[in-house]
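Worksheet: one structure, shown below.
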Amino acid sequence: MDFNDPTTIGILVAAVVGLLTILLLVFKSLRSSNKNRVLFVGLMDSGKTTIFTQLSQKEAEYPTTTKTFTSMVENKITLRIKDKEREIIDYPGNDRLRQKLIDLIHSGSILRIVFVVDSAAFSKNSRDVAELFYLVALENVDKVPILIACHKQDLTLAKTEKVIRNSLEKEIGLINKSRAAALMGTDGSDEKRATLTDTGVDFSWEDLKKQEVSFVTTSSYSEDFGVHEIASFVRA
């Protein structure tokens, strides 16, 4: 075989590209088959664990194993859904565990994400909620669907889904702007930190179509208020 012959070189390059393509497809297939986790995330006291418990009770006919830990470690339950095991993870809201949260999102095992918001405390926590959501959405490299649960709707001070949606949209735009303006280092380069979108303060939810972000209103007062929507989201 003449490795100086352009035809031979072309054949070898095509073969290598073909092999790499096959390996990539196999990798993607294996990564997809390993996605069996639904992640519940939100600030501390947002109501994640209550929803997690209600969901666990609602799906009681399916569970295979259940483990409960302290608030610094995940609560987990494994459900049998459509002849497949699905692990539900209630992730702690403590901000000291954010790096582990990023690692979990990057693990390739997350199928869906439920982002829980305390609607009653939203006015004072809107920036913190937006920053946590920004982190989750930014690190969601697999673009898995995200359901934002506007929880505690039974409380007097609870903000409506529309208010939460509009406020988060504004806050995310401001975070976009501040991150775009921040330099990666101190060497005077123009390199910017990664942003969720390149729309800056003009961010809108339509910019996240690839992540399929949706909203639902929920309440711990009524077991059926929003829990069945979350259950359907988990089963899908």
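Cβ coordinates come from backbone N, Cα and C, glycine included.
According to TrEMBL:
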type: BINDING; residues: G42, L43, M44, D45, S46, G47, K48, T49, G93; note: GTP binding site
type: BINDING; residues: T49, S71; note: Mg(2+) binding site
type: TRANSMEM; residues: 6-27; note: transmembrane segment
List the other residues in this chain whose Cβ sits within 8 Å of the Cβ centroid of the GTP site residues G42, L43, M44, D45, S46, G47, K48, T49, G93, in sequence order. V116, D118
Identify, among the binding-site residues G42, G93, the residue whose Cβ has the fewest other Cβ atoms within 10 Å in this structure. G93
Just to verify: the residue among S46, T49 with the fewest other Cβ atoms within 10 Å, which of the binding-site residues is it? T49
One finds that other Cβ atoms within 10 Å of the Cβ of M44 (GTP binding site) number exactly 13
Check each residue in the chain of K48 (GTP binding site) that is at least six apart in sequence and keep those whose C-beta is under 8 Å from its C-beta; list them in sequence order. F40, V41, G42, D90, Y91, G93, V116
